[in-house]
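Here is the structure we will look at, set down as structure tokens.
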Amino acid sequence: MQSWSETAVPSVPGQGPPLRLFDTADRQVRPVTPGRTATMYVCGITPYDATHLGHAATYLTFDLVNRIWRDAGHDVHYVQNVTDVDDPLFERANRDGEDWVVLGMRETALFREDMEALRVLPPRDYIGAVESIGEVIEMVEKFVASGAAYVVDDPEFPDVYFRANATEQFGYESGYDRETMDKFFAERGGDPDRPGKEDPLDALVWRAVRPGEPSWPSPFGPGRPGWHIECSAIALNRIGSGFDVQGGGSDLIFPHHEYSAAHAESATGDRRFARHYVHTGMIGLDGEKMSKSRGNLVFVSKLRGEGVDPAAIRLGLLSGHYRQDRPWTEQLLADAHTRLQLWKDAAALESAPSATDTIARLRQHLADDLDTPKALDALDGWARRALDHGGSDTNAPSEFAAAVDALLGVRLRRP
């Protein structure tokens, strides 16, 4: 699947401290220690609707990780999937009387446009679930052969399920107790009451063909992949086990990331799928989480269509800490526009105070678990000093603009 266009990233003199991120599995902020090539997998969209601000906040978070690694001199192998075969896509297509393939392609194209407008650096591998069917089948075959998975006793729909106890470390990623797992499994796409399952928490890895659904041939009969195994297969086949960061929204902690890890660990025998599990908070509107099921969405494409500067959208979402649940408001967007203009005015000066210390603070705050509120405050301070008191450093405005562009993805000057 085609990704979106790369945007140029300026080079900024100097180097920041090593990146530290909160790891969901270890429940602490700790260093991320990639090799020469940093590796990251972020779960992508199910393309049955446009990109909302909750999506955007997640992808902006991991765009910062990408930029920080690049600033530190790493090559970055970033992988993102598209869940282009799944129940919500089929349900929306049926509701609207549209071909599910056409719907998925259209919404994926709109997502790419939104990401490009927000200046999110594209993944090296942008992979649809449909493209990874063969890889999934190989994994399911391995599970069945090893006893990690079984076929339910249902002649009509012989689905294949992964045993939740197939790995002894199951549950380490989320840290949830059984009661919480049962609750979220039922709420987030699981099927605990499916007849024939050995354990309500056993996860679907191959869904036998149903009337009106697409299917692919397999040794277990025609069907399609379960949700979690798609990400396991795509990640293992592009960046392997033990990659640096797996990312997504906090609603993916369980079941999706727990099972993606368990599937991969069962397939490889490794103890840990990813070295860091990093999750973003939810974006709310009117006191509730922004979600398709609630219908309280603010779409990036709609804001762009209304003439909102994508850079202001970006700054608005970065104004809060990535791990916090936080609201989106009109005032937040207005403040982001004000901040953007402040920075642009300062970057347009012919001379200003030295920006060296400010750039160092920007790097320091971002390296400290992506502390964007402090990073943005530091930039505000320099911009106000430059506009109010001036300075004699003729390189400072361009250095400031380059750092904001490279590390935050916000362009202050015309190229």
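Along the chain as shown, the residues are counted starting at 1.
Just so you know, glycine gets a Cβ as well, placed from its N, Cα and C.
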Range among 1-20, 21-40, 81-100, 241-260 that Swiss-Prot annotates as region 'Disordered': 1-20
Tally of residues which DSSP labels helix, strand or coil - the motif ''ERGGDP' region' (187-192): 1 helix, 0 strand, 5 coil
Counts of helix, strand and coil residues, the motif ''HIGH' region' (45-55), according to DSSP: 3 helix, 1 strand, 7 coil
Near-site residues: Zn(2+), ref CYS43, CYS231, HIS256, CB cutoff 8 A to centroid: ASN81, TRP227, HIS228, GLU230, GLY248, LEU252, HIS257, SER260
Subset of binding-site residues (ILE45, THR58, VAL82, TRP227, ILE283) lying within 10 A of HIS256 (Zn(2+) binding site), CA to CA, in sequence order: TRP227
